[in-house]
């Protein structure tokens, strides 16, 4: 669940800012983000945020936003998984709408080029270093087979696998994700070396051509990002430190404060 909560926070902040829009259900006036391609049948953890919100509302009614709860929960999830602890600024307010279309276009995809992914980060005020650092969040969690299956069976359009993929990992993944539609939703660990521990083994995997997603392994295709990957593979403390810094930056994207937005009573619906 730690990876799911972290991912929810990321998917929230990258679509119109950290304002809790990813938590909204569809309604007669809102076509929410839960059914957008990057989230449908994959975004999880909503009930965890609901439970936290219900308890917070009992103690402090209409005081703590869903956006702040999600930011705090992501930090706690990472910390409990062995990762860093960073300061979370509070005072975000919740947005009044959501956008399935924005989620489809603004969230980075596992099939995109490094240039496209970096452009989506810079659009949010982040930089190439943040791309490398925040990708390290893939040290925990799982991915569905369809997100990387082209690397296994038809990377070049001629039926060949991705030549950068380690041969042993390729064999293993083909067993987990056979080349048939029924395997699309099967799960594979993003970091098989330490599935539930937040550490720097993600970067060691990339150095060894064992990144799961194409959007992970592509970090080794550019001299600048590859140098950062190598650096973090050797210095786990520095990865932890920089991850916290990048999470603070991400948590400041497009926040609503003051009288903007509202403090939702229920994270799934606008008051």
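In case you wondered, yes, glycine gets a Cβ from its N, Cα and C as well.
Bear in mind that the values here come from a model prediction, so they are computed numbers and not experimental data.
Going by TrEMBL, these are the annotated features:
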DOMAIN    1-271  domain 'Plant heme peroxidase family profile'
SITE      7  site 'Transition state stabilizer'
ACT_SITE  11  active site, proton acceptor
BINDING   12, 15, 17, 21, 33  Ca(2+) 1 binding site
DISULFID  13-18  disulfide bond
DISULFID  66-267  disulfide bond
BINDING   108  substrate binding site
BINDING   138  heme b binding site
DISULFID  145-177  disulfide bond
Within 10 angstroms of residue 108 (substrate binding site), Cα basis - recorded positions out of 12, 13, 33, 66, 138, 145: none
C-alpha spacing of residue 145 (disulfide bond) relative to residue 12 (Ca(2+) 1 binding site), in angstrom: 23
12, 15, 17, 21, 33 excluded, remaining Cβ within 8 Å of their centroid (Ca(2+) 1): 11, 13, 14, 16, 18, 19, 20, 22, 95, 98, 99, 102, 103
Reported mean pLDDT - the domain 'Plant heme peroxidase family profile' (1-271): 96
Sequence-distant neighbours of residue 21 (Ca(2+) 1 binding site) in its chain (C-beta under 8 A, six or more apart): 12, 15, 32, 33, 95, 97, 98, 99
For residue 138 (heme b binding site), the one of 13, 17, 177 that lies nearest, given that the recorded positions are compared by Cα: 13
Cβ packing number for residue 17 (Ca(2+) 1 binding site), 10 Å threshold: 19
From recorded positions 7, 11, 13, 18, 267, the one whose Cα lies nearest residue 145 (disulfide bond): 7
Neighbour tally for residue 7 (site 'Transition state stabilizer'), based on other Cβ positions within 10 Å of its Cβ: 23
Of the recorded positions listed as 7, 13, 17, 18, the one whose CA lies nearest the CA of residue 267 (disulfide bond): 18
Of 7, 11, 13, i.e. the recorded positions, those within 10 Å of residue 66 (disulfide bond) when Cα atoms are compared: none
Protein Cβ atoms within 10 Å of residue 177 (disulfide bond), excluding its own: 23
